[in-house]
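The following features are taken from TrEMBL:
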- 44-61: transmembrane segment (TRANSMEM)
- 48-462: domain 'Major facilitator superfamily (MFS) profile' (DOMAIN)
- 85-103: transmembrane segment (TRANSMEM)
- 115-133: transmembrane segment (TRANSMEM)
- 145-164: transmembrane segment (TRANSMEM)
- 176-197: transmembrane segment (TRANSMEM)
- 209-229: transmembrane segment (TRANSMEM)
- 283-303: transmembrane segment (TRANSMEM)
- 315-336: transmembrane segment (TRANSMEM)
- 343-361: transmembrane segment (TRANSMEM)
- 367-390: transmembrane segment (TRANSMEM)
- 402-423: transmembrane segment (TRANSMEM)
- 435-456: transmembrane segment (TRANSMEM)
Amino acid sequence: MAALAQDLDELKGNVHLEEVAREQGLTPQQQEFIKKEKRVVRKLDLYITPVMLLLMLISYLDRGNIGFAATQGMTKDIGLKANELSTAVSIFYLTYILSEFPTTMFVKRLQFKRVIPVLVFSWGLVCMCMGFIQNYAGLIVCRLLLGTFEGCLFPSMTMFLLNWYRREEIGQRVCYLYIGSALSGAFGGLIAFAILYMDGTAGYPGWRWLYIIEGIVTIAFSFVCYFLIPRSYATAYFFTDEDKAVQKQRLELMEAYSGGDGKYTRKDVKNAMLDIKTWLHGFNQILMSTIIYGFGTFLPIILKDGFGYSTKKAQYFVIPVQIVGAVTYFIAAVLSDRYKAHFLSLVIAAPLGLTGYAILLTKQHAAVWYGATYLIASCCYIITGTSIAWHGMNIAPDGKRAAAMGVHLGLANIGGIIAGQIYRSTSAPRFLLGHGWSLASIGVGFICWWILFFIYRHREAKKAKMVAEGFVVPNGEWTDRSPGFKYQF
C-alpha cells in the first residue's frame with residue numbers, strides 16, 4: 001500500500017484516475033485499487049451523503065416555513081405591518097452570513113461529529129420556540145438566532161464532505177445537498193397542508209403547530225446525527241479494515257493534488273483574496289441565491305396572493321413544482337459530473353429561468369403563470385448548486401479552498417437579504433419587482449459564467465506553455481494555478 005500511495009502521488013493534478021488508467025496505463029495493482037475505491041465511494045454515498053441531504057432538507061424546511069406560516073395567518077395573528085414580513089425574511093441572512101465564514105475556517109478543528117449535532121439541536125429549539133411568538137420583536141429575535149445556527153451548517157457539511165470525497169467526486173454530492181433544499185419545499189407544502197387540519201388544536205392556530213412540530217423533528221434528528229456521523233475513516237462503522245486502508249490512500253492522494261493536509265495559512269487566505277475568480281464566483285452566487293431564496297420562501301405567497309389560489313391550493317401546489325426542480329437538478333448534476341460539463345449545465349439551464357420570469361411579468365391566466373413556476377424551478381436549483389460545485393473543485397490547496405469558499409458562501413447569502421426586500425408585501429399581488437430582479441439576475445449571471453469560462457481556458461493555455469518551457473513549481477508554491485492542477489470547465 002505504501003508503494004501504491006507513492007505511485008498515486010506521482011499522478012498529482014490528474015482529474016480522474018479512470019481517465020489516467022486509459023491514458024497512461026496503470027499497473028494491475030493500481031487498477032485493483034480503483035475497483036476497491038469504487039466500493040468505498042458507494043458506501044460513502046450510502047452512509048454519509050444521505051445524512052447530509054436530510055440535514056439540508058431540514059435546514060431549508062425550518063428557514064422557509066415562514067412563507068407557509070404567513071399564508072396560514074401568522075402575519076395577522078402577531079400583528080405584522082407593511083413590509084415587516086419581508087424584513088423578518090431578510091434579517092435571517094444577516095447572522096447567517098456573519099457566522100458562515102468563521103465556521104469555514106475553524107469547524108475542522110472542532111470536530112464535525114460534535115459540531116453538527118449541536119447546531120441542529122440549537123436551531124431545532126429555536127424553530128420550536130417560534131410557535132410561541134406573540135409579536136414582531138419575538139419573530140425577529142428567533143430569525144436572528146435561527147440564522148446564527150443554520151449559517152454554521154452548510155460550510156460544516158461542505159468541509160465534512162471534502163474530508164471523505166475527492167475533488168472530482170464532490171460536485172455530485174453538493175448536488176445532493178441542493179436536492180434536499182428543493183425537496184424541502186415539497187415536504188414543506190405537504191406538512192403545511194396537513195397541519196391546516198390541526199388549526200385550533202389545543203387552542204393554537206395551524207401555523208404555530210407548523211413551527212412546533214418541525215422544531216421537535218429537528219431536535220430528534222440532532223441526536224440521530226451524533227450516531228450517524230463518524231469521527232474519522234478509522235472509526236467509521238460502515239468500513240471494513242480493507243475499506244479503511246483504501247480510504248487512507250484516498251486521503252493521501254487528496255493531499256497530493258490539493259497541495260496540503262487541510263490546514264490553512266495567511267498565504268492561502270491571501271491567494272484566495274487576490275484571485276479574481278473568487279470574487280466573480282462570489283458575485284455570481286449573490287445573484288443566484290437571490291433567485292433561489294426568493295422563489296423558495298415566497299412561492300406559497302405568490303401562489304395565494306399573486307395567482308389567486310386558496311390557502312389549501314397554495315400549500316399543495318408548491319409540492320409538484322419543487323419535485324420537478326429536484327429531479328431536473330439531479331439529472332443535470334449527474335450529467336455534469338459524468339461529462340465534466342458544469343459550465344454547459346449552467347448556460348443551458350439559464351434560458352428556462354429567463355422564460356419563466358418573463359411569463360410572470362406579463363398578464364396571463366393563473367394556469368400559465370403556474371406553468372412558468374415549473375420552468376423557474378427547473379433552472380434555479382441547477383444554477384445555484386452547480387455554481388458552488390464548479391468553483392469548489394477548481395481551488396487548491398485546501399487552505400485556499402477553505403478561504404475562497406468562505407468568501408463565496410458568505411457573499412452568496414447576501415442574496416437572502418435581497419430576496420426579502422424584492423418580494424415585499426407592498427408589491428403584491430403581482431410582485432413585479434421580485435420577478436424583474438430575478439430575471440435580470442439570471443441574465444447577468446449568464447454573462448459572468450462566460451467570463452469565468454474564458455478565464456479558466458486562458459489559465460489552462462498558460463499552464464500548457466509553462467509545461468512546454470520546463471517550468472518547475474517551487475516547494476510550498478503549488479496552487480490551482482500551477483501546471484499540475486487541471487481546471488474543470
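Along the chain as shown, the residues are counted starting at 1.
Glycine too: its Cβ is placed from the backbone N, Cα and C atoms.
Because TrEMBL annotations are produced automatically, they should be read as predictions rather than curated entries.
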*Would the transmembrane segment (367-390) count as touching the transmembrane segment (44-61), if touching means at least three Cβ pairs under 8 Å and pairs must be 6 or more apart in sequence?*
no
_Proximity verdict for the transmembrane segment (283-303) and the transmembrane segment (435-456), three or more C-beta pairs under 8 Å_ = yes
*Positions on the same chain near the transmembrane segment (85-103), where near means CB under 8 A and six or more residues out*: 63, 66, 70, 75, 136, 139-140, 143-152, 154-156, 293, 297-298, 406-407, 409-410, 413-421, 423-425
*asked:* Taking contact to mean 3 or more CB pairs closer than 8 A (sequence separation of 6 or more), are the transmembrane segment (435-456) and the transmembrane segment (343-361) in contact?
replied: yes
*Any idea what the model's mean pLDDT is for the domain 'Major facilitator superfamily (MFS) profile' (48-462)?*
90
